[in-house]
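**Q** From TrEMBL, here are the annotated features:
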DOMAIN    59-210  domain 'Yip1'
TRANSMEM  70-89  transmembrane segment
TRANSMEM  101-122  transmembrane segment
TRANSMEM  134-156  transmembrane segment
TRANSMEM  162-184  transmembrane segment
TRANSMEM  196-215  transmembrane segment
Amino acid sequence: FAGLADVSISEDIPVEGEITVPVGSGSPDEDYSTLDEPVRDTIMRDLKAVGKKFVHVMYPKKSSALLRDWDLWGPLVLCVSLALMLQGGSADSKDDGGPQFAEVFVIIWFGAVVITLNSKLLGGTISFFQSLCVLGYCVLPLTVAMLVCRLVLLAGSGTVSFIIRLIVVVAMFGWSTLASTAFLADSQPPNRKALVVYPIFLFYFVISWMILTFTPQ
């Protein structure tokens, strides 16, 4: 830098000025954040998203809707609802049915975690929480089956009641299994899909058996 010592700046050249950073005049929509919206709008948007996922489960098809915008609000609501309806179902129980709620809650979430880990170990490309989202939302048909069974049991228990409940539970069991495999099948290696579907079959079978054998106190 020795040569710079001989460089002089002419007095005719202005060296004073204001250094500014140009900022584009973006539209209000570009600067809009969810932190700025009212709480009511946030809740309504989340409820609409959950409702759309319920529709995808009731009309299962190969879609990435549940995988792209995953959440655990729907599975949590379904799990709590199913556990509440199954609460106090043991005829020989002398308490208020509290342990039954915990048992159902743990079975559903523990089973979903085991299936997710099995899928990841087999080389699935789906993420951990995406799998939990799909398995949780696909409990919806079985929750509907539980509600129908409770209504049928209000009319009385007998052979006819059992046959109706059996048909409903079997139909909803198949619906849950098909819906979950429709969303998860494409994320698995072709030669290992059966190893992934089998645990899903057992998972929904256990829940279906709990619903079918439910007898109110």
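In case you wondered, yes, glycine gets a Cβ from its N, Cα and C as well.
Thinking about packing and proximity, how do these listed features fit into the structure?
**A** Summarised as a single figure, the pLDDT of the domain 'Yip1' (59-210) averages 81.
If you look at the transmembrane segment (101-122), the same-chain residues 6 or more away from its ends with a CB under 8 A from one of its CBs are 75, 79-80, 82-84, 86-87, 128, 131-132, 135-136, 139, 184, 187-189, 192, 195-196, 199-200, 203, 206-207, 210.
Nonlocal intrachain contacts for the transmembrane segment (134-156), taken as residues 6+ away from its ends with a CB within less than 8 angstroms of a stretch CB, comprise 53-54, 56-58, 66-67, 70, 72, 74-76, 78-79, 81-82, 85-86, 108, 111-112, 115-116, 126, 164-165, 168-169, 171-173, 175-176, 179-180, 183-184, 200, 203-204, 207-208, 211-212, 214-216.
Counting same-chain residues at least six beyond the ends of the transmembrane segment (162-184), those with a Cβ under 8 angstroms from any Cβ of the stretch are 57, 60-63, 66-67, 119, 124, 126, 131, 134-135, 138-142, 144-145, 148-149, 152-153, 196-197, 200-201, 204-205, 208, 211-212.
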